[in-house]
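Listed in TrEMBL:
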- 1-23: signal peptide (SIGNAL)
- Cys33-Cys49: disulfide bond (DISULFID)
- 63-215: domain 'Cupin type-1' (DOMAIN)
- Asn109, His114, Glu119: oxalate binding site (BINDING)
- His112, His114, Glu119, His161: Mn(2+) binding site (BINDING)
Amino acid sequence: MRVSQSLVRTISILALVISLSNAYDPSPLQDFCVAIDDLDGVFVNGRFCKDPRRVNANDFFFSGLNVPGNTTNQVGSNVTTVNVDQIPGLNTMGISLVRIDYAPNGGQNPPHTHPRGSEILVVIQGTLYVGFVSSNQDNNRLFSKVLHPGDVFVFPIGMIHFQVNIGKIAAIAFAGLSSQNAGVITIANAVFGSNPPIDPRALATAFQLDANTVRELQAKFGSI
Ligand SMILES: *[C@@H]1O[C@H](CO)[C@@H](O)[C@H](O)[C@H]1NC(C)=O
Ligand SMILES: *[C@@H]1O[C@H](CO)[C@@H](O)[C@H](O)[C@H]1NC(C)=O
């Protein structure tokens with residue numbers, strides 16, 4: 001009796017350990033995938049797959065990354081994205097590509113994070129001051145570099161990062177991302193440009209600003 005009880009216990013603990021080691025959620029491929037009861041607008045984590053017999057070369061093709069994006073905007077940069085939206089064949093491949101153009105003298109890709117992908121960036125033209133900041137647990141250390149043509153830098157998944165053109169000519173970079181849809185959260189836009197706005201008193205304390213400065217920022221980023 002004793003023996004069989006402890007055997008049962010051992011077996012159930014083993015089963016639990018095995019089931020825990022196998023139990024994991026798939027990595028999300030979009031911002032959210034909220035479960036529904038009725039199947040009236042069915043979504044999956046990623047995309048449904050086309051009939052393989054109808055797949056052709058164009059499903060893996062995109063043209064136009066030779067064309068610079070227009071950098072005449074508030075921040076002086078433009079990201080041309082080539083992800084699963086542009087190349088359906090990227091679905092489930094865990095990879096995508098961007099071209100980033102930076103206006104001369106300070107054009108920047110402002111602090112942002114990719115919730116679903118690490119990034120590897122190569123400079124083709126110009127000079128970039130780049131960096132990422134590690135998490136609170138790592139004391140928010142800044143890892144930064146000045147990059148010249150041919151230089152490569154990595155931005156680990158989830159870390160807040162930026163690139164600034166510190167040269168006098170337009171800069172160009174290309175970057176690969178480890179997701180078919182890495183997502184972008186631009187910090188200033190998310191915090192000060194949310195819709196509807198976050199209560200300015202909350203942001204005033206969070207950023208140690210007065211509420212009027214917060215409202216000014218919210219007006220600039222389109223929250224109010
Ligand atoms: C980026 O460039 C494209 C092509 O020139 C343009 O249509 C788009 O509006 C630009 N985006 C921003 C944010 O300036
Ligand atoms: C770039 O965008 C600006 C602002 O929207 C616009 O005035 C300008 O004509 C655009 N340039 C080109 C080359 O499309």
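Glycine residues also receive a Cβ, built from the backbone N, Cα and C atoms like all the rest.
Overlay of TrEMBL feature records on the structure.
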| residue | record | contacts (Cβ under 8 Å, 6+ apart) |
| --- | --- | --- |
| Cys33 | disulfide bond | Phe43, Val44, Asn45 |
| Cys49 | disulfide bond | Asn91, Thr92 |
| Asn109 | oxalate binding site | Val75, Ser77, Val79, Ile100, Tyr102, Phe162, Gln163, Val164 |
| His112 | Mn(2+) binding site | Ile160, His161, Phe162, Val184, Ile185, Thr186, Ile187 |
| His114 | oxalate binding site | Phe155, Ile157, Gly158, Leu177, Ser179, Ala182, Gly183, Val184, Ile185 |
| Glu119 | oxalate binding site | Val154, Phe155, His161, Ala175, Gly176, Leu177, Ser178, Ala182 |
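Secondary structure from DSSP puts Cys33 (disulfide bond) in coil. In the predicted structure, the domain 'Cupin type-1' (63-215) carries a mean pLDDT of 97. Other than the site residues Asn109, His114, Glu119, same-chain residues with C-beta atoms no more than 8 angstroms from the centre of those residues' C-beta atoms, the oxalate site, are Val98, His112, Thr113, Leu121, Phe155, His161, Ala175, Leu177, Ala182, Val184. DSSP assigns His161 (Mn(2+) binding site) to a strand. The Cβ of His161 (Mn(2+) binding site) has 22 neighbouring Cβ atoms from other residues within 10 Å, across all protein chains displayed.
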